[in-house]
């Protein structure tokens, strides 16, 4: 036996594993199916066998002598072999080992950890767990933790370890159960790094026939009525599916608008799957109501009560029938008017509209069209005009349509976006170099911090609107990480207008203000700096200088421009 254990350790070092199903306790006369999943090698290249060891006995080969009771099957795609035993008796209680070998001399290369099968009619007793800590010396960087289970029957028990991250730990030792005074005791050991001991918690758990498995919550789904059922039968059927839960006990309740209902309900429950010793269940509940109870926008909810808690799942508010609603927002100019237009457009895949209407939040109809022309179109639309006050207060409106494929009506709500934020406006003068060297100068109007993005910018000259060809408006751009926007507008001013003592205004219209916001700049070509007079003796026989307020002009009777004119121009640049 010692040599067999040593060979098993060699198999683990080579990363070749035989993973067996957990221990099981069954009653006399029942059957059991054990599994052995191979990894890191091709099972078709090895011989697979099973050996069992009864309590206090030697190893027993499960071969031809037991052929009538035991059957071997395999599933090559999943690399799994199965041992199925029928009509088990108390003397079949044993640890069943899955083994394989490659060599023809029949020594065994790899062993599974074994599956303990206990056949008994006795009442099971749950174990009590005690943690054990290392008290002696050991490797400097390792610690050994222990877990002891006492006072249980039958002897079949399975230990499991996990850390504080709920990661399963598999590199542990489980010793065979030992009997004392009619009860059993089992021990498991886990080696960990000392560094992990300082940063993590470790949990020992056991699986035993007297310990119910931890409850498992279901996945919950609700299926709503189809439009074919509603149209053809004038009924609406719901289905509530709960899958993958344990234990089996549960209760399903249907709610209408959060209140229990007692309409026609049918429930079904069935085993879903068996694995790792736990049976999972699925349940389905069907509810049938009149189609009018569904199409009046009532809310139906499936409530699932279980040991894991209560879950609820609500069906969609209504079947949408492939209708597409689209609202056309008012333009920047529209929102400055006393009445603001809002348009609702609805598209369908089939012809057959019966009506389209607008309603207020209290269902008061403010517009309705039931014309015959609606029946022969895929698209219908309706426009209403709301007051400035309704727009500012973000009043809610409802667009509703009727269609031949709808059991009732379908609708969408419209409400303006968040409250507006007023813009900040700055008007910038042209630079000195532009004033002196360019034929045209540019005035820049910066508009920032406004919401929503729609804004109108115009320019005025001495109070009169300028044509849009004189200026250009940039797009509204959203600030990064903010809901507000900014933009700019540029006005080109020719120097020909410098003869006029005039002003220019940037006028901004935004829905945050009932009146235009205006910024004005005057004396665009005025000098905001001092002029330094330089005395120069001019040889030209006749030079006249004419001075105007904030402007300087030169005049000469010379027929040609000589050095005196050049000096005058140069002095003007440096004043």
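Even glycines carry a Cβ here, placed using N, Cα and C.
Since the structure is predicted, the reported quantities are computational estimates derived from the model, not experimental observations.
Copied over from TrEMBL, here are the features:
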DOMAIN    26-98  domain 'Ig-like'
DOMAIN    127-217  domain 'Ig-like'
DOMAIN    218-320  domain 'Ig-like'
DOMAIN    338-415  domain 'Ig-like'
DOMAIN    423-522  domain 'Ig-like'
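Counting residue by residue with DSSP, the domain 'Ig-like' (127-217) contains 6 helix, 50 strand, 35 coil. Counting residues of the domain 'Ig-like' (423-522) by DSSP class, helix then strand then coil, yields 14 helix, 53 strand, 33 coil. Helix, strand and coil content of the domain 'Ig-like' (218-320), in residues and according to DSSP, is 12 helix, 63 strand, 28 coil.
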